[in-house]
Amino acid sequence: MDVNPTLLFLKVPAQNAISTTFPYTGDPPYSHGTGTGYTMDTVNRTHQYSEKGKWTTNTETGAPQLNPIDGPLPEDNEPSGYAQTDCVLEAMAFLEESHPGIFENSCLETMEVVQQTRVDKLTQGRQTYDWTLNRNQPAATALANTIEVFRSNGLTANESGRLIDFLKDVMESMDKEGMEITTHFQRKRRVRDNMTKKMVTQRTIGKKKQRLNKRSYLIRALTLNTMTKDAERGKLKRRAIATPGMQIRGFVYFVETLARSICEKLEQSGLPVGGNEKKAKLANVVRKMMTNSQDTELSFTITGDNTKWNENQNPRMFLAMITYITRNQPEWFRNVLSIAPIMFSNKMARLGKGYMFESKSMKLRTQIPAEMLANIDLKYFNESTRKKIEKIRPLLIDGTASLSPGMMMGMFNMLSTVLGVSILNLGQKRYTKTTYWWDGLQSSDDFALIVNAPNHEGIQAGVDRFYRTCKLVGINMSKKKSYINRTGTFEFTSFFYRYGFVANFSMELPSFGVSGINESADMSIGVTVIKNNMINNDLGPATAQMALQLFIKDYRYTYRCHRGDTQIQTRRSFELKKLWEQTRSKAGLLVSDGGPNLYNIRNLHIPEVCLKWELMDEDYQGRLCNPLNPFVSHKEIESVNNAVVMPAHGPAKSMEYDAVATTHSWIPKRNRSILNTSQRGILEDEQMYQKCCNLFEKFFPSSSYRRPVGISSMVEAMVSRARIDARIDFESGRIKKEEFAEIMKICSTIEELRRQK
C-alpha cells in the first residue's frame with residue numbers, strides 16, 4: 001500500500017512534525033584517519049579569537065602562551081575571547097546577591113566531598129590520556145599506571161586511597177627534578193612454527209625504564225590528548241575533542257563538584273538535571289515570564305546559539321570565578337580548587353597520530369607523526385594543510401601545541417554554565433534599571449533568552465544589552481544562528497517548546513532495535529526502550545504496539561529464532577523445530593528458543609522469563625535456569641543491569657533493565673588477536689585489577705560496604721572481614737568447627753605471606 005506522506009500530517013500540528021526533519025535515522029557519520037587536522041584547526045582558531053592578547057613564555061616548559069584577559073573591548077561582531085576580569089567578578093557578586101549564601105553552602109558541600117572521595121572515582125570514564133605510555137588507555141588502567149609510577153618514584157600519599165592524597169602526590173611530582181617511568185615496547189622475531197613449519201613473526205612485549213626530565217614530565221602532565229568526535233549528526237565537518245590525563249582529572253572533578261552544587265541551586269540552569277526534571281525546571285521559567293508579561297508587556301524568546309563557546313572561554317577567567325566563590329574558605333580548599341584552571345592555562349594539546357601519506361605510483365604508505373610537523377618540508381602538503389602547519393609551528397613542542405586560551409570540549413560544563421547564568425541573572429529589573437528585563441535558561445553552551453518589554457524597541461534594546469554584556473565575559477552570541485520568536489515557541493537543548501514541551505520522538509529512534517549484547521539482555525532492553533518512550537516521549541499505544549511487533553521481528557531475524565512452527569529455514573531451524581515438537585507447553589518457550597511472543601504494551605515491565613515461568617515445562621525450566629548448567633552466566637546476580645543506549649544527541653545514556661540470569665545471558669569472549677599485540681600486558685593488568693575489585697566486592701556486599709577509612713589495604717580489610725563473618729557464622733551455628741578453624745588458618749597464612757613479601 002502506498003501512503004502519501006502529506007496525509008500523515010493533516011491532523012498533526014506543525015510543531016509536532018518538527019521531529020521528522022531531524023537527521024536521526026540510519027547510521028551516524030564516523031570519522032576515519034587521524035584527528036590531527038581538526039586539532040590544528042581548534043588550536044589555530046582559539047589563538048585567532050584571542051590574537052590581540054599578550055604573549056608570554058612559560059618558564060618551566062618554554063611554551064609560548066597567549067593571554068587575552070582584559071584585552072581590548074570588541075568593536076565589531078566577530079567572536080572574541082577578551083573577557084574582562086572585573087565584569088566577571090561583578091557578575092558573580094550580583095549572582096550571590098540574588099541568591100544569598102549560595103556560594104558559601106556549595107563550598108561546604110564540596111569540602112565534605114573532597115574529604116570523602118576515594119581515588120577510584122578516577123576509574124570512571126572511558127579513554128584517558130595515559131602519560132606513562134603517551135597514548136590513550138581505559139581510565140582504570142591509566143590510573144593504575146600513574147599510581148605505580150608515583151610509588152616507584154617515592155610518592156606514597158596516594159596509599160591512603162583518598163583522592164585528595166593522590167592529588168598531593170601530583171603536586172609533589174611537578175616539583176621533582178625528574179620522573180622514572182616504565183614504558184612498554186615490542187620486540188619482533190622471525191621463528192619457525194613447529195606445527196606448520198612456516199616462518200611466523202613472534203612479538204614479545206618488553207618493559208623498559210625511561211627517565212623524563214622535569215620539563216618533559218610537566219609537558220606530559222599538562223597534555224590533553226585529542227581525538228575526533230564520532231557519530232555527530234547534522235554536521236558536515238568533524239571536530240576534535242580532548243581527553244585529559246590523570247594529573248588534571250582529579251582537580252577538574254572537584255571544581256565541577258563545586259559548580260554542580262551551585263547549578264543545582266540556580267533555577268536558570270539546565271544542568272545537572274535531565275529528562276523530565278529538566279523540562280519541569282524550564283517550564284517554570286517560561287511560566288514566570290509569561291504571567292508577568294500579561295497584557296501590558298510584549299514577551300519574546302531567543303533560541304540562542306553561541307559561537308565557539310569553548311574556544312572563547314578562558315581558564316584564567318575560571319580562576320577568577322573560583323577565587324571569588326571560595327573567598328571566605330580555608331586556604332587548603334582554595335588551593336585545591338585553583339589548580340585545575342591554572343593547569344588549563346598552561347595546557348598542551350597533543351596533535352594525535354599525524355598525517356598519512358600515500359604514493360599512488362609506488363604503492364607506498366608512510367605516516368608522518370605529529371612530532372615531525374615542526375620541521376618537515378611543507379611541499380608535501382596541500383594548500384590548506386600547509387597554512388595550518390605554518391600557523392601552528394611557533395606553538396609546537398615535542399608533538400604537542402601550547403594552547404593557553406580556550407577550554408577544550410566538555411571540561412568545565414558546570415562552571416561555564418554558572419558564568420552563563422550569572423549574565424541571565426543580570427536581567428532583573430533592579431539591575432537593568434529600565435523598562436525591559438530578561439530571564440532565560442543556560443545549559444553549558446546552549447541558551448534560551450526570554451525578554452520582556454512594553455514595546456518592540458524595548459525588546460531590541462534588551463537583546464542588545466544582553467549581547468554586549470555577554471561579550472564582556474567572553475561569551476559570543478551568534479547573530480546568524482540565533483532566532484527570535486513570540487514567547488511560547490522556542491528550542492533549548494533539543495527540547496522543543498510550544499506552550500509546553502512537545503515530544504521530539506525522532507531523538508529516540510537510534511535506541512530502538514536489537515542491541516547485540518546477548519539474547520537475554522537484548523529482549524529486555526528492547527521492551528524497556530519501548531516502555532520508557534511510552535512514559536516519557538508520547539509514544540502512543542498503537543505505535544508502541546507496532547514498535548513491539550517490529551522489534552520482535554527484528555529480534556527473530558538477528559538471532560535466527562523464528563517460531564518452531566514457521567516455514568522459514570535458517571541454520572538454527574533444525575534444533576528449534578526439534579525443541580518445539582518435544583515441548584508440551586509451547587507458550588512457555590522463550591522467543592529466543594523459537595517460542596511465541598507474549599509481550600503486549602501492558603506487560604512490558606516483566607522480564608520474559610518471569611512472564612512465561614508458569615507456562616514452562618519443568619525440564620525446560622531446569623535447563624534454562626539451573627545454576628549448575630555451565631552456560632548460565634552468574635557474573636551478575638543483581639536483578640538490575642545497565643545497558644548503554646544511544647539517544648540521538650548527547651552522550652550515550654545508561655539505561656536500567658531487569659536482568660534474569662539464564663542460559664541466554666552469555667558473555668562473548670574477548671577477541672584473541674589482542675593477545676598478540678603490545679596491548680597484552682595492559683590487558684593482563686586490567687584483568688588483575690578487575691579480579692581484585694570483584695573479590696573485594698564479594699567480601700563487602702553493597703549493604704555493609706563502608707569504604708575503609710585509614711590506610712588498611714584491600715587485603716587487610718578482606719582478611720579482617722573474613723574473620724568477623726566466620727566468627728558470627730560459627731557462633732550462630734551456620735558453619736562447623738572444622739570450617740571455622742580452616743578459615744582462620746587461611747587468614748593467618750595470607751598475613752604471613754604479606755609479611756614475607
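Numbers run from 1 along the shown chain.
Positions of Cβ are set from backbone N, Cα and C atoms, glycine also.
What Swiss-Prot annotates here:
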REGION    50-82  region 'Disordered'
COMPBIAS  55-64  compositional bias 'Polar residues'
MOTIF     187-195  motif 'Nuclear localization signal'
MOTIF     203-216  motif 'Nuclear localization signal'
REGION    249-256  region 'Promoter-binding site'
DOMAIN    286-483  domain 'RdRp catalytic'
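Each residue of the motif 'Nuclear localization signal' (203-216) gets a DSSP state, and the totals for helix, strand and coil are 3 helix, 11 strand, 0 coil.
Per-residue pLDDT, averaged along the region 'Promoter-binding site' (249-256), amounts to 97 for this model. Secondary structure counts, DSSP: the motif 'Nuclear localization signal' (187-195) has 0 helix, 6 strand, 3 coil. When the region 'Promoter-binding site' (249-256) is classified with DSSP, helix, strand and coil residues number 8 helix, 0 strand, 0 coil.
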